[in-house]
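Colleague: Sharing a structure here in structure tokens format.
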Amino acid sequence: MAPKRVVQLSLKMPTHAVCVVGVEAHVDIHSDVPKGANSFRVSGSSGVEVFMVYNRTRVKEPIGKARWPLDTDADMVVSVGTASKELKDFKVRVSYFGEQEDQALGRSVLYLTGVDISLEVDTGRTGKVKRSQGDKKTWRWGPEGYGAILLVNCDRDNHRSAEPDLTHSWLMSLADLQDMSPMLLSCNGPDKLFDSHKLVLNVPFSDSKRVRVFCARGGNSLSDYKQVLGPQCLSYEVERQPGEQEIKFYVEGLTFPDADFLGLVSLSVSLVDPGTLPEVTLFTDTVGFRMAPWIMTPNTQPPEELYVCRVMDTHGSNEKFLEDMSYLTLKANCKLTICPQVENRNDRWIQDEMEFGYIEAPHKSFPVVFDSPRNRGLKDFPYKRILGPDFGYVTREIPLPGPSSLDSFGNLDVSPPVTVGGTEYPLGRILIGSSFPKSGGRQMARAVRNFLKAQQVQAPVELYSDWLSVGHVDEFLTFVPTSDQKGFRLLLASPSACLKLFQEKKEEGYGEAAQFDGLKHQAKRSINEMLADRHLQRDNLHAQKCIDWNRNVLKRELGLAESDIVDIPQLFFLKNFYAEAFFPDMVNMVVLGKYLGIPKPYGPIINGRCCLEEKVQSLLEPLGLHCIFIDDYLSYHELQGEIHCGTNVRRKPFPFKWWNMVP
């Protein structure tokens, strides 16, 4: 709204004013009055609402034919309910009277031209633009909240372009309009009024680099859509055609929330009278938007597509591993996409390269890949092969000296939805690995951490992963879906559970059963040898302490009980003070619904079965899960990674709408 408008009346000549439908105009009835006048009477033509604003303690409302006292504590306000068909077709008359006179001492006449001007967006979050009588400028979270939403137009709808749509200041395809939020400008009133007044669309300077606005002229040609606001373009004089009552615009988001951007932008339209110097703004209507956040999907969401790389090394190709992935995705009814060697340049760690998420508005949703700053062999794959129609792309570059291992996205995960001490996280919480507090070790880059935090809907939790050589959270934790009330379990790697299992097997008489039995390229280690190895015992005592520290953080920050956690047997060893998996790390699995692709641990064979596999099955299969153990030893484990590191899963978005939560 514009500041309070005051229309001054005159006894000498009629006054003319523009009145916006639904907007009150204050009328000055005190400045020009006949000498001796002490009361007045008001009348208005049909379509004009006249009412008095007065101090009830000092002014008495007249009854019947009595007149209003000409008191400074009584003010007149007028408004119109519809737009005028002609100029000055609404009329208000004010008659002034003296002490004992029935004849008016003088009269003032006010001619009003009604105009209907409003800027409308989807404040109700229904996917449709409807006329709103409420607050359009403010943005509120929650199921009772309101406010429009913008998508960052980070996909590429035109195959002829090599860049995301948001990089272009012109429309690349009509499909691109679906990624934008519609905005309607109502501009109903006499054409002659718009001939002498301007409608100006504005974007604040601080928001101009965050949005673009395209004006639609109803055609099916790209030339019918012109950019009118955006970077380097802060205002636009609307080109209204004679008789035109509604003009459609499309608003495009350009930047995600980040450390320097809360995600809120505003646009406004003003009715301006250029007939005065300086020009006078008669009315302003403002609408607000929030940029949709980038949202991660946890393992509990159904899988849609699994990505894996075809590679070649000194041991040959990973063709057998690819066959196992094909079998797993077939069981899980999930699409399989194999990245060829020419595109991955023999970089197999596709989990480290990128993270899949999505963005959503009431009218549209699409997946968005977050490209990590690691920039190794796969660095071009997300941009060149995944970015496309309705598949967006975002990244964050980091300054020199460049990325550390903790900047890879094996060090980025998200929990299922949780409730912590009465606080709900309906989209879960992001988990990232870091150094031990105050230790000065490796950390994920600030640019990435700031981006994740700024999305607001999945408040990040920092864990301690710097004790590991690679330093990724997926080396000691994962989540699996369950069909019970909780809906999931947290799996934690557990050296103590593994040593306990081996001790039990020793006491049962299987001490000579050997780890790595069946592997050609690895020396066997019997249970007796492993239990007697003081260095191995010491290393795993350290690893267990590190995992226990994270266990307590996860219980506190995710609201978990011990019954929500499953300990998966696992041993580690220290190399240059950092831990690596002693045998294939089973929590580093890929989760496809109820089917789990688990690294084959090559544990001691007892009664024809691997005791580690048997233990894991006994823990997980009662939860309705199917354990499929897959050999990744040569192609992944020996290179300090496992199945999760070498795969990536795009999952279905949450059914829950992010705008219904309260961060």
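Glycine residues also receive a Cβ, built from the backbone N, Cα and C atoms like all the rest.
Okay, these came from Swiss-Prot:
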| type | residues | note |
| --- | --- | --- |
| BINDING | Asn153, Asp155, Asp157, Asp165, Asp176, Asp179 | Ca(2+) 1 binding site |
| BINDING | Asp155, Asp157, Asp179, Lys364 | Ca(2+) 2 binding site |
| BINDING | Gln351, Phe409, Leu412 | Ca(2+) 4 binding site |
| BINDING | Glu353, Asp371, Ser372, Asn375 | Ca(2+) 3 binding site |
| ACT_SITE | Cys645 | active site, nucleophile |
Colleague: Under 8 Å between C-beta atoms and at least six apart in sequence, can you list the same-chain neighbours of Asn153 (Ca(2+) 1 binding site), or say none if there are none?
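Modeller: Non-local contacts for Asn153 (Ca(2+) 1 binding site): Pro164, Asp165, Leu166, Asp176, Asp179, Met180, Glu252, Gly253, Leu254.
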Colleague: Could you check which of these binding-site residues, Asp157, Gln351, Lys364, Ser372, Asn375, Phe409, sit within 10 Å of Cys645 (active site, nucleophile), going Cα to Cα?
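Modeller: Checking each Cα against Cys645 (active site, nucleophile), the hits are Gln351, Phe409.
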Colleague: In whole Å, how far is Glu353 (Ca(2+) 3 binding site) from Lys364 (Ca(2+) 2 binding site) when you measure between their Cα atoms?
Modeller: 27
Colleague: With DSSP assignments reduced to helix, strand and coil, which class does Gln351 (Ca(2+) 4 binding site) get?
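Modeller: Helix, per DSSP.
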Colleague: Can you name the binding-site residues among Asp155, Asp157, Phe409, Leu412 whose CA is within 10 A of the CA of Glu353 (Ca(2+) 3 binding site)?
Modeller: Phe409
Colleague: Excluding Asp155, Asp157, Asp179, Lys364 themselves, which residues in that chain have a Cβ inside 8 Å of the centre of the Cβ atoms defining the Ca(2+) 2 site?
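Modeller: Same chain, not in Asp155, Asp157, Asp179, Lys364, Cβ within 8 Å: Leu151, Asn153, Asp165, Ala175, Asp176, Gln178, Phe366, Pro389, Asp390, Gly392.
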Colleague: Which one is it, among the binding-site residues Gln351, Asp371, Ser372, Phe409, Leu412, that lies nearest to Asp155 (Ca(2+) 1 binding site) by Cα separation?
Modeller: Asp371
Colleague: What does DSSP call Asp157 (Ca(2+) 1 binding site) in the simple three-state scheme?
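Modeller: In three-state terms, Asp157 (Ca(2+) 1 binding site) counts as coil.
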Colleague: Going along the chain, which residues six or more apart from Asn375 (Ca(2+) 3 binding site) have their CB under 8 A from its CB?
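Modeller: When sequence neighbours closer than 6 are ignored, Asn375 (Ca(2+) 3 binding site) has Gly402, Pro403 within Cβ distance under 8 Å.
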Colleague: Which are the residues of the chain, Glu353, Asp371, Ser372, Asn375 excluded, whose CB is within 8 A of where the CB atoms of the Ca(2+) 3 site average out, their centroid?
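Modeller: Other same-chain residues with Cβ inside the cutoff are Asp352, Met354, Pro373, Arg374, Arg376, Leu378, Lys379, Pro382, Thr395, Ser408, Phe409.
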Colleague: May I ask which of the binding-site residues Asp157, Gln351, Phe409, Leu412 is closest to Ser372 (Ca(2+) 3 binding site) if we compare their C-alpha atoms?
Modeller: Phe409
Colleague: Over all shown protein chains, what is the count of other CB atoms within 10 A of the CB belonging to Asp371 (Ca(2+) 3 binding site)?
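Modeller: I get 23 for this one.
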Colleague: Hey, for the Ca(2+) 1 site built from Asn153, Asp155, Asp157, Asp165, Asp176, Asp179, who else sits with CB inside 8 A of the CB center?
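Modeller: Everything else in range on the chain: Cys154, Arg156, Pro164, Leu166, Met172, Ser173, Ala175, Gln178, Met180, Glu252.
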Colleague: Would you pick out, from the binding-site residues Asp165, Asp179, the residue whose Cβ has the largest number of other Cβ atoms within 10 Å?
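Modeller: Of the binding-site residues Asp165, Asp179, the most buried by Cβ count within 10 Å is Asp179.
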